[in-house]
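Copied over from TrEMBL, here are the features:
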DOMAIN    A:56-405  domain 'Amidohydrolase-related'
BINDING   A:H65, A:H67, A:H215, A:D303  Zn(2+) binding site
BINDING   A:E94, A:H188, A:E218, A:D303  substrate binding site
Number of protein chains: 2
Amino acid sequence: MFDILIKNAELITNDESKPLITCGYIGIKDGRIAFISDSLPENAEAREVIDGRNKIAMPGLVNAHSHSAMTLMRNYADDMALEKWLFDNIFPVEAKLTDKDVHWGTMLGISEMLKSGITAFADMYMFMDEVARAVTETGIKANLCKSPVQFFEDGQLKRLDKSQGTIDYYNSYHNSADGRIKVFVEIHSVYMFNENTLRNAAQLAKQLNTGIHIHLLETVAEVESSNKDYGMTSIEICRETGVLDVPVMAAHCVHLTDSDLRIMQEKKASVVHNPTSNLKLGSGIARVPDMMDMGINVCLGTDGAASNNNLNMFEEMNLAAILHKGIAMNPQLMKAQDVLKMGTVNGARAIGFDDTGVLSEGMKADIILVDTDKPHFYPKNDPMAMIVYSAQAADVDTVIVDGSILMKNREFTHIDEEKIKFEVESLSKRLLGR
Amino acid sequence: MFDILIKNAELITNDESKPLITCGYIGIKDGRIAFISDSLPENAEAREVIDGRNKIAMPGLVNAHSHSAMTLMRNYADDMALEKWLFDNIFPVEAKLTDKDVHWGTMLGISEMLKSGITAFADMYMFMDEVARAVTETGIKANLCKSPVQFFEDGQLKRLDKSQGTIDYYNSYHNSADGRIKVFVEIHSVYMFNENTLRNAAQLAKQLNTGIHIHLLETVAEVESSNKDYGMTSIEICRETGVLDVPVMAAHCVHLTDSDLRIMQEKKASVVHNPTSNLKLGSGIARVPDMMDMGINVCLGTDGAASNNNLNMFEEMNLAAILHKGIAMNPQLMKAQDVLKMGTVNGARAIGFDDTGVLSEGMKADIILVDTDKPHFYPKNDPMAMIVYSAQAADVDTVIVDGSILMKNREFTHIDEEKIKFEVESLSKRLLGR
């Protein structure tokens, strides 16, 4: 007896042995994929049957770099220079944020992500207890991180190493929510840390046997400051201080030298490519095809909604697939099947979930169904191209995480979307001074 | 008595005197906007009232360069070199196309476009009588074109000037369908014509008092062939042969010299930017910010679905807005309000419709309503940024063309979507050999 049986869906599996199944069946039991095949098992019974006709079932999308609660600053400050955006608009609002604000901003972000087919995300922000609470309540998966360095105290910029807070956070939440939460150590960036705090953070991650989430070489300004402050590139100082000796998910990585790329390859660091945010903020274009040639694990992220302005991995996959073709003037780069992996299994590996991202027996049942019975999918040819080049987030019909149906026919099963929208609209009046 | 009254919508007007109305009212009568204001007129009565709460009403999107029936080759041949894509995949299918195929392919393309908020498009393809029939039947607006030069006869490549066919097409369809169709002269490209046929086509457009739709400088290959064949750039040979002396909508314009740009500026030609297609085919990146600085009318197009792979102007607006910021590393370029005009009024002007693209009294009622009551729009800040940076095509709720409601609550009022999908799926089996 399965808990859920998906029938007659077209399957994209990420399983090398059978990447596509034209008409497939998935049986789910105890949160995992118990059965997957192109034919129905005999005497198949299930508590709930999902009709997969005219749908593609595939691994849930993984948003490997975000600041979910920044949804609160969506469409609030656009088309301006980075400094003006950050110092005159974003920082003043962030200074006002309370734990309650971060709770509702995160709930909004999670709602949007689930509606867009995202089953797991990595988050870096403040009031991270609230983020853990929102993840626990909603049923999504997340990699959360906590910084051992506090930058401000009594309104002054200070670098205070408070590792105990990170240790407590790790002990409270790592593998909590039935294993749906992983905790990494946050290193905001090389320019907000110094050699000492970088070294301590790396040591802490090693001690906790976990990974590090870091912003790395997003802007030309970081290239310059790193050379000035450390006399080496940001990647080199990370190597020197041991940061790259644990699993690292490095967001952005826009401005890497050949030598930096070789270090990332050697250290098996994961790169989170954020193409929309990098373009919109004018940061530049990461050398993703080079990274892929070198076998670096590249995954995708939306970054925060203040610089995107949505949390839509279909847009990131589409953009990743076409952008680098255009830049290199080579349409053979960034094939749909590779970009799909960037948006799913590569992200799952980067953020610390090894038992998802592939539809095969024994894996966690993190599955989305995409409704393809719409004009923009016809005629139905290559299903991988359909997802990467034709789909939009609103085509996601059903979302399953750890075998629980969180959205069905685009309706949440237990998230109160109306309340979230109401709360966010209310608190944004205070925050944004409207 | 209005035919339609839209109440309580947030309005983006493109009207310089009042670009935004937070809570607005639009009265529609005899296909035109009879009333628009931030308050309801006294004794306002209407045959049909549309509740605009939680919706943005804005001018319909204009897809200024497409080959609608190429939806038939969607997701059929991706991630390959241009020559392989075109000669081994696209051309062999096109050689099999019948008038019936083009009819259903165009019906599919129009269905997709209406569902994505496109109220007018420019099309260039074969069996153009079928395209005119589909436009007439569906209620959308279009700029259609007909080539005076036939390239193939008896299976041989020949350049045959058959201007009479273009004259007949113009006389049959220009201003037909209650003025919803405009007819231009097609010049496929400088490399498919020669000096003589370019001159004759320009003369023909002048004689008919109409414009020209042309592919111009899409690829580096065209730069080279033009220099070889004509001893000058494609823009220069167009100027020499009189092509730029009539209203011209030039698709792509990726590889222009400074001098080419000045010629386009001087001749008041319109440029149709196709960012997705140009990236996906590896063609390169057009100098759009330079064009805008020079006051050139730049609008947007999807190109055909075989190189995109959808007809989604929200994606083109988003991409146009972020791509050039990233390339120039300047987030202040391509502001949301300018990109919105590229996607609406600039396109309307380019394709020959002067009485649409702006919400003001007397203009044709080509209006879309976008449902913003979804997580990815909250909190609700700048409505222009919401459309350009956060929206997806599926957010379009209602589509009105010339005062007729063609889609309401995402359902077509008189297009048989199921039949179109069925016919396309059937004929694609023969065409694509599945």
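We count from 1, first residue shown onward.
Placed from the backbone N, Cα and C atoms, the Cβ positions cover glycine too.
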Averaged pLDDT score, the domain 'Amidohydrolase-related' (A:56-405): 96
DSSP-derived class (H/G/I helix, E/B strand, else coil) of A:E94 (substrate binding site): helix
Rounded to the nearest Å - Cα separation of A:H65 (Zn(2+) binding site) and A:H188 (substrate binding site): 12
Pairwise Cα distance maximum in Å, substrate-binding residues per record: A:E94, A:H188, A:E218, A:D303: 21
Other same-chain residues whose Cβ falls within 8 Å of the Cβ centroid of A:H65, A:H67, A:H215, A:D303, the recorded Zn(2+) site, in sequence order: A:S66, A:M124, A:A251, A:H252, A:V272, A:N274, A:S277, A:G301, A:G304
Which of A:H65, A:H67, A:H188, A:H215, the listed binding-site residues, has fewest other Cβ atoms within 10 Å: A:H188
Secondary-structure category, per DSSP, in which A:H215 (Zn(2+) binding site) falls: strand
Fewest-neighbour residue among binding-site residues, criterion Cβ within 10 Å, set A:E94, A:E218, A:D303: A:E94
Euclidean distance between Cα atoms of A:E218 (substrate binding site) and A:D303 (Zn(2+) binding site), Å: 12
Distance, A:H215 (Zn(2+) binding site) to A:H188 (substrate binding site) (CA atoms, angstrom): 6
Whole-number Å value for how far A:H67 (Zn(2+) binding site) lies from A:E218 (substrate binding site) (Cα to Cα): 15
DSSP three-state assignment for A:D303 (Zn(2+) binding site): coil
